[in-house]
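Heads up: the structure comes next, in structure tokens.
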Amino acid sequence: MRFHIMTLFPDIFNSYMGESIMKRGVEKGIIEVNVYNIRDFSNNKHKKVDDYPFGGGAGMVMTPQPIYDTYKHIIETNNIEKPRVIYLTPKGKVYKQSIAQDISKEEDIILLCGHYEGIDERILELIVTDEVSIGDYVLTGGELPALILIDSISRLIPGVLNQNESFEEESFKDNLLEYPQYTRPREFMGLEVPEVLLSGNHKNIDEWRHNESIKITKERRPDLYKKACK
Ligand code: 6GU
């Protein structure tokens, strides 16, 4: 899987990808992250990438030319035919695990990070295939959301996580939140690990965990609980 990121802040990605579990996926050659600075593609002599909105109003809008030329460069240099281009915006469809799963099937993904008051609408018409938001709050730019997509999609690609980090049993599988986990010591500050986890009886352990998952989901996320019961 190749991620191609269009941004005005390329350093954010380079530093994040150099750390964390993402790094392993990159080193193994399973994922590739290419970062493109939109400003490098500006035809303006001062490398300007924004301008005042037609019709007036507060803030600046990202101009279409640098974004469009960055896109052209990406698809031409990487031989991409019909790319999925995801624009990160609070106006987008709210992100969730099933969207990550859907995107993880693609060979190439282009992520477009916006800034200021947004981007010229014609870019949406010309190149954007998906608009994604990461939740109902406002951020200053699409870079953190893009990293969230990269992280959540990468870990679904076989070989990025190892056995111990497996994603088979985790929150949001079957719309249930994860059961509580315990490790050594058996007693900490007077608090004991639930007896059943020490029993070695895997049928009982599975049953206990499943019940805990249901209990916590019902309590904290009645919306997910309803779906889980379907
Ligand atoms: Cl994708 N972008 C920005 N700027 N703010 C957000 C967002 C995205 N998702 C939630 N808030």
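Including glycine, each Cβ sits where the backbone N, Cα and C put it.
Note: TrEMBL annotation is automatic and uncurated.
For reference, TrEMBL has these:
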- GLY114, ILE134, GLY135, ASP136, TYR137, VAL138, LEU139: S-adenosyl-L-methionine binding site (BINDING)
- 1-227: domain 'tRNA methyltransferase TRMD/TRM10-type' (DOMAIN)
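Its Cβ placed at the centre, LEU139 (S-adenosyl-L-methionine binding site) has 14 other Cβ atoms within 10 Å.
Screening the binding-site residues GLY135, ASP136, VAL138 for a C-beta under 6 A from any atom of ligand 1 leaves GLY135, VAL138. Residue with the densest Cβ environment among the binding-site residues ILE134, GLY135, ASP136, VAL138: ILE134, by other Cβ atoms within 10 Å. Averaged across the domain 'tRNA methyltransferase TRMD/TRM10-type' (1-227), the predicted model reaches a pLDDT of 94. For the binding-site residues GLY114, TYR137, the greatest number of Cβ atoms within 10 Å around a candidate Cβ is found at GLY114.
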